[in-house]
Amino acid sequence: MAEASAAGADAGSAVAAHRFFCHFCKGEVNPKLPEYICPRCDSGFIEEVTDDSSFLGGGGSRTDNSTATHFAELWDHLDHTMFLQDFRPFLSSNPLDQDNRANERGHQTHTDFWGPSRPPRLPMTRRYRSRGSTRPDRSPAIEGIIQQIFAGFFANSAIPGSPHPFSWSGMLHSNPGDYAWGQTGLDAIVTQLLGQLENTGPPPADKEKITSLPTVTVTQEQVNTGLECPVCKEDYTVEEKVRQLPCNHFFHSSCIVPWLELHDTCPVCRKSLNGEDSTRQTQSSEASASNRFSNDSQLHDRWTF
């Protein structure tokens, strides 16, 4: 018992010989032992004040511009977001931090130094625990924390079927890599779709079949019925020379030949020069392209941006 009292007295005298600054209270405090936490807000985000510290002597503006203060504000903001709940077990791996979570839940039932409007306290961050050292552990840089949080967003789970630790907490309905993020991702999807559907139409007609199409003369009876070219929509005149397809549709030669050089089909009835219906062939080609696109999506877990 006497040894414990002596140890406590030695620890108290060691703390009294040093000055500590709480980044949440933004003031000088005398930390609680042996956890080294702030007596006002129960936060472990405290730091020993040394001769080169600017926490107390530099005024409020220098404190607000310090990296540690910016990190505290960032952490305070992320603490109240929905997805940070999943990150806490991975950002706080120290057993002492896990033990203090139960104590913090108990402290949240009453108001503290900041009054009833103060939001819930933050999880314990890296603390000053070493009695022999003269400098506390420095908090990690803001960039490192952000990289640690967002590094796993687009990574696949190491175990198939198991949720990734850096998940979106159910906000997304599938892997984030399956989504189109930004204009670049959308352009990649459209480009792949166009590439799959590029050659799904009927193939070009044979040149021999195109040249063998008969050239006929428009009669007065056809003109009286209002016969026109289905491509350019111009009315035919009597004795005008036009090309006749096997489906008995008439076209200007300058209108139908360029089309047949690209597609072996009638622009009106979609029948080929052989008299076969090309609609079924087109549907079969589109279904095949859709299956290829689906297979490609399954092979690639996420888009490459």
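The backbone N, Cα and C atoms fix where each Cβ goes, glycine too.
Residues annotated as N-acetylalanine in Swiss-Prot: Ala2.
Here Swiss-Prot flags 100-139 (among others) as region 'Disordered'.
The phosphoserine annotation in Swiss-Prot covers Ser133.
Helix, strand and coil residue tallies for the zinc finger (229-270), in that order: 8 helix, 7 strand, 27 coil [DSSP]. Feature annotation from Swiss-Prot assigns zinc finger to 229-270; the stated evidence is sequence analysis.
As annotated by Swiss-Prot, region 'Disordered' applies to 274-305 (among others).
Annotation comment: Swiss-Prot describes 280-297 as compositional bias 'Polar residues'.
Regional average pLDDT for the zinc finger (229-270) in the model is 93.
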